[in-house]
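Asks: For reference, the structure I am asking about is given below.
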Amino acid sequence: MSGQQTASRGIAKVWDVETRPAGGSHLRVGQVLPPGNWTEYDPFLMMAEDWFQQGTFGFHPHRGIETVTYVIEGKLKHENNHGGRGILGPGDVQWMTAGRGLIHSEDPLPGETVHSLQLWVNLPAEEKMTEPRYQDLSSADIPVREESGARVRVFSGTSGPVSASTRNVVPVTYLEIEMEAGATLAQQLPADYNGFLYILEGTGRFGSDQTAGKPHQVLWMGPAHGGAAVSEIVMTADHPLRLLLIAGRPLREPVVAYGPFVMNTKEQIQQAFQDYQSGKFGKV
């Protein structure tokens, strides 16, 4: 995207993510993107930060979405009823396209406490019933952009000259950024993308207005103005900084969500429940 006129992005909104006990083996949860704000977050539906042990997320269905699970700590076993299974460790990412429907589980190995972030990405109407698929992104294979005082792991999309091979239905840029104190980094994005930053560690200043950010804060990016096709968000680390940058192209479609199903109409939600209960999602 370099060489084009770019529009600077500011930060439109900042909020703190508070964690609370969730009960039993689900030790703590924080709502990074609380569910229900479909229009504001489009194409994202929700994002949760979880600390959990074995027995928390047993087999359950999904339809109409993608889930993106990033493991920060611990070892997480995943399994689905389409024959997929594996173990995710620290730094690994799983990109699951539920499409027309699957049943899966996400369970820490015995004795493990997993700290993870899970993002739900909406699927466009014409792709709601696509074939399910899994993409396991091993930490060792994730492409990295190296800059002076900064290191960017590219889970999806592009950062500078580095691009991920992750297959997207909806175009999404998902980056983990680590910066040394005093470093500055610019990240370009298509001007029509919605997106946010989530700070895991450290402090810094973000966007054209140099908005301050600290751990467990979400900084929602403002729109790009001026008609440019490309936008840019600039980040400066005041202290060693670790954050996620997530942005994607809005769908601007109706959203009807109930439990693990996200469709476009109430009738489609009812059909999803009927299909699940009648065994059309398959057996575990």
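These residue numbers are counts, starting from 1, taken along the chain as shown.
Quick reminder: no glycine exception, Cβ is built from N, Cα and C everywhere.
Annotations for this protein, taken from TrEMBL, read as follows:
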- H60, H62, H104, E106: Fe cation binding site (BINDING)
- 49-121: domain 'Pirin N-terminal' (DOMAIN)
- 174-282: domain 'Pirin C-terminal' (DOMAIN)
Asks: Within 10 Å of the Cβ of H60 (Fe cation binding site), how many other Cβ atoms can you find? Include all protein chains, please.
Replies: 13
Asks: Taking the mean position of the Cβ atoms of H60, H62, H104, E106 as the Fe cation site, which residues outside that list, in the same chain, have a Cβ no more than 8 Å away, listed in sequence order?
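Replies: Not counting the recorded site residues, we get F57, F59, P61, T67, N80, M96, L102, I103, S105, P260.
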Asks: Across the domain 'Pirin N-terminal' (49-121), what are the DSSP residue counts per state (helix, strand, coil)?
Replies: 0 helix, 49 strand, 24 coil
Asks: Under a criterion of Cβ-Cβ distance under 8 Å and sequence separation of at least 6, what residues of the same chain contact H62 (Fe cation binding site)?
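Replies: The list for H62 (Fe cation binding site) reads M96, A98, G101, L102, H104, P260, F261, given in order along the sequence.
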Asks: Relative to the Cβ of E106 (Fe cation binding site), which residues of the same chain, six or more apart in sequence, are found under 8 Å away?
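Replies: Expected: T56, F57, T69, L76, K77, H78.
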Asks: Count the Cβ atoms, other than its own, that fall within 10 Å of the Cβ of H104 (Fe cation binding site), considering every protein chain shown.
Replies: 24
